[in-house]
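These notes are about the structure you will find just below.
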Amino acid sequence: MSRKKSLVEMADLHGUACKLPQGDLEDLLKGVELPEEGGRVEVGVGDDAAVIRVDGGYVIQSVDFFTPIHPDPYTQGRIAANNSINDVFAMGATEVLSVLVVSGFPRELPEEDAREMLQGFADQCREVDALIVGGHTIMNPWPILGGCVTGFAERYVTVGGAEPGDVLYLTKPLGTQPAMAALRLPEDVRKQFLTDSELEEAVDLAVEVMTEPLKDAAEAALEVGVHAMTDVTGFGLKGHAGEMAEASGVRVVIERLPVIPGTTELSRALGYGLERGESAETAGGLLVAVPEEHAEDLEDAFERRDVWYRRIGRVEEGSGVEVRGDVEEVEDYP
């Protein structure tokens with residue numbers, strides 16, 4: 001009798017690493033004539049979510065789905081929901097109005113596993129008072145799960161407002177991709193890098209990262225009045241910092257790379273580029289640019305909400321991204 005495949009064995013790419021690479025996406029869109037933006041659209045293609053002006057504020061809309069990164073169906077459902085919803089928080093939404101579920105399941109996936117994925121998704125939505133109002137489900141060779149999320153904001157923050165002199169904060173450690181990849185390695189290979197207890201710690205921390213909503217972090221940023229913010233996901237810290245640099249017309253310098261313990265050596269062996277800020281993240285932290293004179297206010301706002309953070313860099317005149325920081329294996333998350 002054949003062994004039942006786990007969720008992660010049903011896909012070749014996992015979590016936000018299944019996203020089309022950043023450069024490939026940019027090349028693809030160059031050949032597409034999109035309808036002109038206008039009317040009520042304040043922010044369109046190129047940010048974490050679209051922003052549409054309505055009476056009394058702004059509707060924030062995003063869609064996000066991906067393949068499994070965790071073998072447990074319920075946990076995977078929670079991660080998928082959190083990753084979908086975080087995009088609207090990263091634009092300043094203070095309320096999630098609705099979620100439409102996007103799902104695809106292989107024929108060989110047991111119905112109970114699919115149901116557990118959906119239950120995890122629903123429970124994570126409940127944690128941030130997000131109502132599921134519908135969805136669409138297809139048969140698909142790889143399992144996929146995510147959602148189209150609609151939020152509301154009285155004001156919004158884009159990725160493109162960073163200014164020279166700003167300092168940068170990150171609200172979660174990096175390293176989800178190598179941490180979860182360790183689960184898929186043959187035991188004899190994995191033990192070259194991590195003991196059983198180290199693996200358990202790394203995976204547990206990665207799950208904490210991937211299921212922690214950005215709601216409190218975003219509320220703190222809005223309270224202080226930050227210049228720019230974005231969530232760190234499939235393009236990695238360097239890629240999303242690059243989006244901030246390009247959209248803002250500035251240079252971003254990364255001086256510190258806080259990571260989940262044990263993931264740096266794994267990343268070097270597997271070629272993920274975590275030590276260069278290039279490793280894909282799934283449902284990662286909020287990257288925030290704030291004027292240096294308001295940095296202490298932001299730290300205070302984070303601490304009052306029990307939001308973990310690190311000051312990781314600064315914004316200069318110029319262009320592009322420079323990663324010159326040392327890796328820090330964090331011991332205080334969450």
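Any Cβ shown, glycine's included, is placed from N, Cα and C.
Pulled from Swiss-Prot, these are the features on record:
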ACT_SITE  Unk16  active site
BINDING   Lys19, Val45, Gly46, Asp47, Asp64, Asp87, Gly135, His136, Thr137  ATP binding site
SITE      Lys19  site 'Important for catalytic activity'
BINDING   Asp48, Asp87, Asp231  Mg(2+) binding site
Neighbours of Asp48, Asp87, Asp231 excl. site residues, C-beta within 8 Å of centre, Mg(2+):
Ala49, Ser62, Asp64, Asn86, Val88, Phe89, Ala90, Met91, Leu214, Thr230, Thr233
Between Asp87 (Mg(2+) binding site) and Asp64 (ATP binding site), the C-alpha gap once rounded to whole angstrom:
8
Just how many other Cβ atoms lie inside 10 Å of the Cβ on Asp87 (Mg(2+) binding site)?
25
Would you count the other CB atoms within 10 A of the CB of Asp231 (Mg(2+) binding site), including those on all shown protein chains?
27
What's the number of neighbouring CB atoms sitting within 10 A of the CB on Gly46 (ATP binding site)?
14
Per the record, ATP is bound by Lys19, Val45, Gly46, Asp47, Asp64, Asp87, Gly135, His136, Thr137: how many Å separate the farthest pair of Cα atoms?
27
Intrachain C-beta neighbours of the residue listed as 'active site', sequence separation six or more, cut-off 8 angstroms:
Phe66, Ile69, Asn83, Thr233, Gly234, Ala280, Glu281, Thr282, Ala283
Pairwise Cα distance for Asp48 (Mg(2+) binding site)/Asp64 (ATP binding site) [Å, integer]:
10
For Asp231 (Mg(2+) binding site), identify the closest of the binding-site residues Lys19, Gly135, Thr137, judging by Cα separation.
Lys19
Non-local Cβ contacts of Thr137 (ATP binding site) (under 8 Å, 6 or more apart, same chain)?
Val101, Ser103, Gly104, Phe105
Could you find out if DSSP has Lys19 (ATP binding site) as helix, strand or coil?
coil
